[in-house]
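Quick look at what TrEMBL annotates:
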type     : residues : note
COILED   : 363-451  : coiled coil
DOMAIN   : 566-649  : domain 'Histidine kinase'
REPEAT   : 121-154  : repeat 'TPR'
REPEAT   : 161-194  : repeat 'TPR'
REPEAT   : 201-234  : repeat 'TPR'
REPEAT   : 281-314  : repeat 'TPR'
SIGNAL   : 1-18     : signal peptide
TRANSMEM : 399-418  : transmembrane segment
Amino acid sequence: MKIFRLLWIICFVIPLQAQVTITNIDSAMAVLRSSPEDTSKAILYQKVAGHYNVTALDSAKAFAEQGLALSENLDYDLGRWTNLNTLANYYERKTSYDSAMIYYNRALEIVEANNSTKGFAVVLNNIATVHIRRGEYDTALEYLFDALKAEEKLGNRNGIAQAYNNIGVVYYYSQQFDKTTDYLTRALEIQEELGNFDGLINGYNNVGAIYDYLQQYDDAITSYTKGLEIARKIEDRKMEATQLSNIAIAYSNKEDFSRAEDYFNQSIEIREIIDDDYGRANSFLGFGQMFLSKKNYDKAEQYVKRSLEISRANDIKLVEKEGVAAMVDLAEARGDYQQANELLYEYIAVKDTLLNRENSKTMLELDTKYQTEKKEKEILQQRAELAEKELQVKRKNNLIYGSLGLAILLGLLGYLVYNRQKLKNDQLKKEAELKTALARIETQNRLQEQRLRISRDLHDNIGSQLTFIISSLDNLTFGLKDKDSATTNRIQRISGFTSQTIYELRDTIWAMNKGSINVEDLQARISNFIDQARAANEKLQFEFKVSEEVPENSSFSSIVGMNAYRIIQEAVNNALKYAEASQIVVSVDEKEGSLAIAIKDHGKGFDLKQAELGNGLNNMKKRARDIGSELVIETQVGEGTSIGFTMPA
């Protein structure tokens, strides 16, 4: 039964002081009493009030009002807005939010008139805290992000951390826990970097509250414990007691009641020592609610009543209201619905009393303030000042509108210049790309013309000369009387070699005249070569197989194609000359985006480990490397030989 209210696990929002707080109040009071009525004393009044806002709230108001009065007499704007901000802090802590907003808005007018970035950051943050406490989270975020920008402009790391913390608190109350964790973590990182112990305690407490809400109690305890360690390190007994109480609540929610009881007792012990009635009332109420969760109704009643005694004796209406609510829960748990109904009326009465008291106090304070200001200033002077302010606002608005119009005009001109330059750059880029493409095409055309010229020269000059040599050798053979002589045989071999050279030359010219070569071209050329081989060996069976998986449009450069052709040609030649093959199969398959070519023969094979590789095989390996492949030879004596390689498709 999780019945703890947000009153007990608080996500701390941090109001900002206008000046650095003091550490030795006795010394500060001595200086205050002996100081002349100057600007330094106005600021010292504010610092003393800020100190009492934290330690003794009821003493704060008088010092802030004295500081404000002195600042008014000295016409000292810094003193005005800092003391107004501290007065607003006082009313905020008293939960008199309407009064707090009046003073915050007066402070905001002064910092805006003086263009004070620091004041802007402080006051906007504090206005946001009031909206947070009222549940107006969207409005609070607007103010907080404006305050954050001002702190970032100042480079104030501590202020940035506090803004992150408060933004995280807003997201916590809005139940956007990812954003909450993000901003509170940012705040913690900065506070750790600065060594700001107060900020670290608040940060760890807030992170713990998130984990508590998400029912991640172990993480909550870890975070509260970190805050506890810092509170003990800086000897802040009040925050130490707060962290102990929060740890107790987390253990109670885990239903680890023995540990919860131990931490509640530690918290109450410290609050007894420091005479913290508000804290004791809270701890006893939390203790009572733990026993209510355990269904130990007698113990629960004992501690809730102790909380009510303290809160009623010290007029702590907020805690009294929650204590009566706990008694309503207790009566309902016992099944005593008549008492629960009576207590419910008491709860409503306490709540109404609290609201009426706050409203009456606010109205009385506003009326007193109005009468004081009425006596201090003349009506005509007020009207003159108001007219002057309106004139300043009008001038400021005119300046803003004029600046805005000029900025729009300059932005439009800048956009036009940028757009024109962009179009010009795009045009220059396209022209450069076109020139590059034309140069590439021209280079390719020149290379093609060079290849054609070389191929024509080879055909017309070398080809015709080789043909003339063959014709001359044939005529020489015809003229010899002894047809079977060794000379005749040698001349015929030379003629055959020359004929073969012509065929090789034609292959080279064919490759040079081709910009690219496809599988069909390769098949046709190899078939021509095989036809010549069959003329020498009629029993030879030859097969050229192309897999259906090979793309029809597969093609490659003439250099790759010529190297592939030469490898196949050499492999077939070797099969004919050395392997005494009766069958040769050339296959082309698709393999992982490449073409896999294999030449298999059914010849006698050889022992690859013992054989010496001749120029033919070495040339085949080199050609394979030239096209980015590797020649694979598989052979076994009596089983034939397989030679394979791959090439780009």
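From the backbone N, Cα and C atoms, a Cβ is placed for every residue, glycine too.
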Same-chain residues near the repeat 'TPR' (161-194), Cβ under 8 Å, at least 6 residues beyond its ends: 11-14, 16, 121, 125, 128-129, 132, 135, 137, 140-141, 144-145, 147-148, 151, 200, 202-204, 206-207, 209-210, 213-214
The repeat 'TPR' (281-314): DSSP-derived helix, strand, coil residue counts: 30 helix, 0 strand, 4 coil
The repeat 'TPR' (121-154) - residue tally per DSSP class, helix then strand then coil: 32 helix, 0 strand, 2 coil
